[in-house]
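S.K.: Take this structure first; my questions come after.
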Amino acid sequence: MQPKTPTRHRARSDVARTPLTPSIISGLNNVSIGSTFAGSPKKQTGKTSSKSSSSSASVFDTTNPFIRPPSRAQSRSRAGSRPGSRPASPVKFVSSSTIPVSEDLQRQAGEGVIRKGGIESRLDVVTRDYVPPPKSEPKRSRSTPASSRDRFITMRDPESEVAATLEQMSLNPVSASPGHTARLIEATGVPLNRRILSYHEPPPSTSVDNTLTKQLECVKPLYARPGSVSTSTGATTNKTRKIPTQPERVLDAPGMVDDFYLNLLSWSCQNAVAVALESATYIWKADSGSVVQMGEAPEGSYVSSVEFSGDGSYLGIGIGTGDVELWDVERGTRMRVMGGHQSQVASLSWNQHILTSGCGDGSIWHHDVRVAKHKVMELLGHSGEVCGLTWRSDGELLASGGNDNVVNIWDGRVGDVGEGARGNARWTKRNHTAAVKGLAWCPWQPSLLASGGGTNDATINIWNSTTGARLHTLKTPSQITSLVWSPSRKEILSTHGYPTNSIMLHTYPSMERVAEIRDAHDSRVLFSAIGPAGDMVVTGAGDENLKFWKIWDAKSAESAKKKKDDGERRTNTTNPHTLAIR
Amino acid sequence: MSSKQANRQAITLKGSTKTVTEFFKYAVNTILFQREVYPTEDFTMVKKYGQTLLVTQDPALESYLEKILKQVEKWLLTGSVAQLVLAIVSKETRTPLERWVFDIKLIEQPPDSKERAPPKPEAEIQSEIRAILKQIISMVTYLPVIQEGTVFNILAYTSEEAEIPAGEWVDTDPLAIEAGKSQQVKMRSFSTDVHRVDAMVSYRYEPEQ
């Protein structure tokens, strides 16, 4: 199915002005602005005389409008009529025969009801004009019947301008620009055989155009300052940031379940993407593009969550029945099944050798995958399904979010005391008013936890897990389905469901919206994962598409400036082969 | 031989007219975009004259310009239009703010028809047009910023004998900028074998500023 991509054309309309070329500017400097008019009268007279000889001689002369056709006595006098004038407006002459006024029109102009004629009729169209010596009758344009020499409108169209006879030229004192009128009064160089014509319709107006308003609305965000446009389609960016509104790649994901509570997408540090489609799990190797199936849920059940281990060698699959399967990615074999949960395992998170699972009944279990008795600990802190679960990269804390709108931050120490439940969470936050599925630890500031609420809430809260304080809060327009911090920039990305189906990018700590890709999918963007390079984010939705977006730049031999410490703290990765406890 | 010559001239005239009309189209579009008469979102980039130019996508505006330019082309063929002015006026006050004046002249063929000047190479014409368009674009650096909403108007200065389609074109006032408040800048020009087009802009400029 084709995802809605209304942004396709918008990207192109991001226009850059053509840079100035030095040569042009210098050329312009040479053009004396208006200075040619200093001596204009003289020039004109000089010119007009030469004008009479050849029509093309005055080509180089700035005073274009003053190029009179040969034998224009008037032009000379007119030239004289403006001694020492500043660079005057070029066009002063008005063909005497074409003064378009009639009393009818004037009346209408007064009332302001002129249907046709647009600006021209509303403007003070008539300007004076001088009466040329009785040399020739102004020729009438062929458009008006030759017979109508009076000052009335042609039969055809009562409102159209009328070629007036000399007699009807009237001086209209209410001119749009009085100076203009005054000038024209003196203007004596009106060539009779010139007409100034304008198309009878006014040009289409810009703002009132209904057919365009929708487009304008759509495109506005491209030119809006971040945050200034609340409803936007396409990508809003500040001036320096460009987010492609089109995904880099789209993969087909038939059968992807449109369930908010599940977590069906995971991207390993070995650049493999695991996606669960109904009952089957597939691994797509980003490097080779190959797809491998990783098993199938038992009959009648479905996969409810997938999560790669820190080193990418193992894949945990949570099943709707409550089982947690462990698969060897390399060999593609299932290593073990860890059962026990009473309902679907909708969330999984790895902490080295511990695989933590969040259950539909609100319980959180730690599984030590190395030992036979895998369940090493149980955390009971939710009364609703645990849909968000994420370990901090150093393994100190575990954050969990549930359908009971609660965010719990648990101590990460596991299992020293055997099987007993640890008791209470270190912090319990009840600020959200909807299910908390989006949870993410900040890679560069380990104490920060971002949590996002569902439809009713749609708020991102940033917590300090050390003090328990809420540092920032940001209301978004729609249900938050996941959160991803940028490893390279101080930004956080949120994916949304109802109603915008968008992907939004915010700066931290200002929480300013940097970009938004609206309608990133045709349905709610439910799942997301960040790639090991830190530049691509894959999103999945019920529209059965997996879209890869290039949001940031790849981390390449990155300095530790942004991150507090070296590579050990990379999100989703821990040093392989060091399964020892920190 | 002379008829052939006349033929060739006619073809050249047509070709030249087409070139000039096309130039107007792109010049008008460029000006409308640069002076923000229409929202920038309305415009899309096209390649023309070896550079990227912006033309409007708004169907209403496009057809409007189309109609006007078709008529201008007709006038060019008969040599009846001498000047084309794109006037930008304020929407509220109707004061003309800018006038982009394109002067059209017929190049007189040397009477000696034996020796025809070699037809001007297309590339040269294109580069001249490119130069004018670039110049228009660069004008925005010193043209006064237009804060208010504007509307444009295209005025055609035609000769008396010009054929004017009834009811379509009306006589109007030149929308001249107030004397004493305008500045003029002469721009480049280009010429084909038959026509020569000069460009000039005059803009409203309050001396106090």
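Quick reminder: no glycine exception, Cβ is built from N, Cα and C everywhere.
From TrEMBL, for reference:
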- A:1-11: compositional bias 'Basic residues' (COMPBIAS)
- A:1-153: region 'Disordered' (REGION)
- A:20-38: compositional bias 'Polar residues' (COMPBIAS)
- A:40-90: compositional bias 'Low complexity' (COMPBIAS)
- A:113-127: compositional bias 'Basic and acidic residues' (COMPBIAS)
- A:251-549: domain 'CDC20/Fizzy WD40' (DOMAIN)
- A:303-337: repeat 'WD' (REPEAT)
- A:379-411: repeat 'WD' (REPEAT)
- A:518-559: repeat 'WD' (REPEAT)
- A:559-571: compositional bias 'Basic and acidic residues' (COMPBIAS)
- A:559-582: region 'Disordered' (REGION)
- A:572-582: compositional bias 'Polar residues' (COMPBIAS)
S.K.: What same-chain residues lie close to the repeat 'WD' (A:518-559): Cβ under 8 Å, and 6 or more beyond its ends?
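M.R.: For the repeat 'WD' (A:518-559), the far contacts come to 1, 3-4, 6, 232-234, 243-244, 247-260, 262-271, 273, 275, 286, 479, 481-482, 484, 486-489, 491, 493, 495-498, 500-503, 505, 571-573.
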S.K.: For the repeat 'WD' (A:379-411), what does DSSP give as the number of helix, strand and coil residues?
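M.R.: Per DSSP, the residues of the repeat 'WD' (A:379-411) fall into 0 helix, 19 strand, 14 coil.
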S.K.: Given the model, what does the mean pLDDT over the domain 'CDC20/Fizzy WD40' (A:251-549) come out as?
M.R.: 89
S.K.: Under DSSP, the repeat 'WD' (A:303-337) has how many residues in helix, strand and coil?
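M.R.: So the counts come to 0 helix, 22 strand, 13 coil.
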S.K.: Reported in the order helix, strand, coil, what are the DSSP residue counts of the repeat 'WD' (A:518-559)?
M.R.: 0 helix, 18 strand, 24 coil
